[in-house]
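Taken straight from TrEMBL:
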BINDING   Gly183, Ala184, Thr185, Gln186, Ser187, Gly188, Lys189, Ser190  ATP binding site
DOMAIN    165-364  domain 'FtsK'
TRANSMEM  26-43  transmembrane segment
Amino acid sequence: MDALKVALLLVAVVAPVLVFRWRRPAWYWMAFGIVFAVVRVLVRYRSVMEACGLTVPPPRWRLTLARWSRREVPEWRAPRILRIRPTRTGLVLRLRLRPGQDAYDFSAASDRLRHSLAMYNVIAKEVRSGVVELRMTGYDVLKRVRMPAVRDEHPMCVPVALREDGQVFCRDYLQVPHALNVGATQSGKSVYLRNLVVGLATHRVALVGIDCKNGVELAPLARRFTALADNPETAADVLAALVRYMSRIYDLIRREQGISLDVPDAEITANIWDLPRHLRPVPVVLLVDEVAELALYVTKDEERRRDQIITDLVRLAQLGRAAGIYLEICGQRFGSELGKGITMLRAQLTGRTAHRVNDETSANMAFGDIAQDAALATVRIAADRPGTAVAGDSSGGWVRIRTPHLSIRRAVDVCNANAHRTPDIGELAPFRPAVPVPPLTGKVLPKSTSASAF
Ligand SMILES: Nc1ncnc2c1ncn2[C@@H]1O[C@H](COP(=O)(O)OP(=O)(O)O)[C@@H](O)[C@H]1O
Ligand SMILES: [Mg+2]
């Protein structure tokens, strides 16, 4: 009878915990998972390192000492734990390597470590010479993406997705001015773009959009856009206007440089961020959805227009950064089959993000020239996980990310609430989207603070 009671009690306690783990893995992790995982890692550490081949033989002097003193031969040694830090999504284990080990040993063993320590994912990263960090996640953080609140590092750094190691992936325009985003249809490119627009909407930045799908993705967000083109013809005019604006900014920078002997080095500027605040023009982010539409043509006239568009894009990519013009280009494919100038443009796009693609050639358009293994990871993204992507840069590093699912309604709300921040740019004034007066909702919009009439 007693045994039955104990069994019932156990079921009553364990069953809710298991359901909790299944339905709310993030809460489960915070409530129980962290404690279980820390205990498991500390208890099993030595045997796991041994089993995964991450131990090294003792040094010769210890062997000699053991022989002289007729003591037992010392054991093989595992890397020393420097720190174990629980996080919102997993654990971070910092290890000091033993002589003869390198970070690659840990990357190669990450799958074995993941199974042995019963974690969802393990990623090894070298912190500095001789120190490796194992970033482990306790559950599948990309299944239902919840973005943690993050402090903005600087205005041009936008948190846009979650990385598979539980960290936030930020699109930092100052570090990576231009980026390319490829992916098959329905892979989540437009939602990525929407997340970016919402992230940028609250900053002092001008958004310029080109969406040749008749504006279905960007037109609803038009209130926050300084200029919007929904067909290749308008796009050509917008790009030409942007190039004119860029040369005006360079004139301004040139005027302000005033290099003479008595100007301190730190005050000589070659880009907008070094200009005094009151003179600094507003940065511009150009967002292009379905770029291939801009490169297709049938008639001779369309061909001329296409050449002008690509030339302007290349010029903006080459020269735009210092004038505070940043490019974000999305498309299903972005290869040389789109005609001349495309590979030249691609070479200027440092940031690479690839959503699910159907073939390796498309993945290679993003990663072929920088990281082969990233291209393979892109092809393996599951079709039932839209929004998942591989993000890399020209330094060869890459990481799996997933955007939070952001509905168009929520994006529209954020853009409308920040419509007062939309700056006017003289050259782009004819392309300012005509949007109807917002319906009166009774909500008081925040006061205008940063709209600049540059
Ligand atoms: N991060 C995400 N989480 C969940 N669903 C997503 C996510 N990103 C996109 N989706 C869904 O995938 C579908 C395609 O997304 P979309 O961005 O329009 O793809 P694309 O622009 O590449 O054709 C949409 O129905 C969207 O709701
Ligand atoms: Mg799309």
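Cβ atoms here come from the backbone N, Cα and C positions, even for glycine.
Keep in mind that TrEMBL annotations are predicted by a computer and have not been checked by a curator.
A Cβ within 8 Å of the Cβ centre of Gly183, Ala184, Thr185, Gln186, Ser187, Gly188, Lys189, Ser190, the residues given for ATP, is found for these other residues of the same chain: Gln332, His355, Arg356, Pro386. For the transmembrane segment (26-43), the residues of the chain that approach it from at least six positions outside its boundaries are 17, 20, 84, 86, 88-91, 93, 117-119, 136, 138-139, 141, 146, judged by C-beta separation under 8 angstroms. For Gln186 (ATP binding site), the Cβ neighbour count at a 10 Å cut-off comes to 11, with all displayed protein chains included.
Ligand 1 lies under 6 Å from the Cβ of Thr185, Gly188, out of the binding-site residues Ala184, Thr185, Gly188.
Not one of the binding-site residues listed as Gly183, Ala184, Thr185, Gln186, Gly188 brings a Cβ under 6 Å of any atom of ligand 2. Averaged over the domain 'FtsK' (165-364), the predicted model reaches a pLDDT of 89. Within 10 Å of its Cβ, the residue among the binding-site residues Thr185, Ser187, Ser190 with the fewest other Cβ atoms is Thr185. Considering only the binding-site residues Gly183, Gly188, the Cβ with the fewest other Cβ atoms within 10 Å is that of Gly188. Classification of Gly188 (ATP binding site) by DSSP places it in coil, neither helical nor stranded. The C-beta environment of Lys189 (ATP binding site), restricted to residues of the same chain at least 6 apart in sequence and closer than 8 Å, consists of Asn181, Val182, Gly183, Asp289, Cys330, Gly331, His355.
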